[in-house]
Amino acid sequence: MSRTPIMAGNWKMNLDHVAATSLVQDLGEALKAAGYDSSKSEAVVIPPFTDIRPVAIIIDGDKLPIAYGAQDISAHDDGAYTGEVSGAMLSKLGCRYVVVGHSERREYHNESDELVNAKAKKVIENGMTPIICCGEALEVRKAGKHVEHTVGQIKADLDGIPAEQVAKLVIAYEPIWAIGTGETATADDAQEVCQAIREAVKELYDAPTAEAVRIQYGGSVKPANVAEIMAKPDVDGALVGGASLKAGDFSKIVTFYEA
């Protein structure tokens, strides 16, 4: 099965709505100049909540070949949950993707696999696609337990999600020690864990589901290293942080297939 690579830019808590509007316009121009072919990779931006509507207006108005999504979702549908944003709200904004279980949410907000699982289900219930993040800290990697740890996370995060939904979702492997540090897992490191994740999905479900699910690598992806990472058979995209805040850099990452 041919899996379309998905290159997603996670803007994290950066850019107000004015700067976000400017960036997505610049990205649209950069992709056009690069001759971007959306059949060869999918371009996605994941802005902060306050930027989603302005970004959507530009993308929809200019008919840019870019999808957009959100960085988090509430596990609740509505009600007295101050500060939360529901799946229905995000779906109404036109979000196609929602990141759940990012390492920063797990670390700074103590999000458990149980909560990540509940959030992933809410994304699916509201007609969007979850990007489920998993990955190990440096001490786990040094202990040689990175595969065991990451596969354990994914098994818990997918609990109760049917095969037909798993086939459509995205899993992002992010070695925590390589996020924003300048340290990069080698392409072989990325392949080792992404392959193990695919094998785990095969064990949990079946071979067709494992063949269909898209698995991203996230961790200091840059124009200089993206082609090598994307050449690996079980890496189907990138979850990009800092480099996605520069239109030129992210355009080069999205059009990695030209390298």
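From the backbone N, Cα and C atoms, a Cβ is placed for every residue, glycine too.
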Co-listed substrate-binding residue [Swiss-Prot; alongside ASN10, TRP11, LYS12, SER220, GLY241, GLY242] among GLY61, GLY69, GLY180: GLY180
Binding-site residues (ASN10, SER220), the one with most neighbouring Cβ atoms at 10 Å: ASN10
8 Å Cβ shell about ASN10, TRP11, LYS12, GLY180, SER220, GLY241, GLY242 centroid, substrate site members excluded: ILE179, VAL240, ALA243, SER244, LEU245
Winner by Cβ contact number (other Cβ atoms within 10 Å) across the binding-site residues TRP11, LYS12, GLY180, GLY242: TRP11
Binding-site residues near GLU174 (active site, proton acceptor) (Cα-Cα within 10 Å), from GLY180, GLY241, GLY242: none
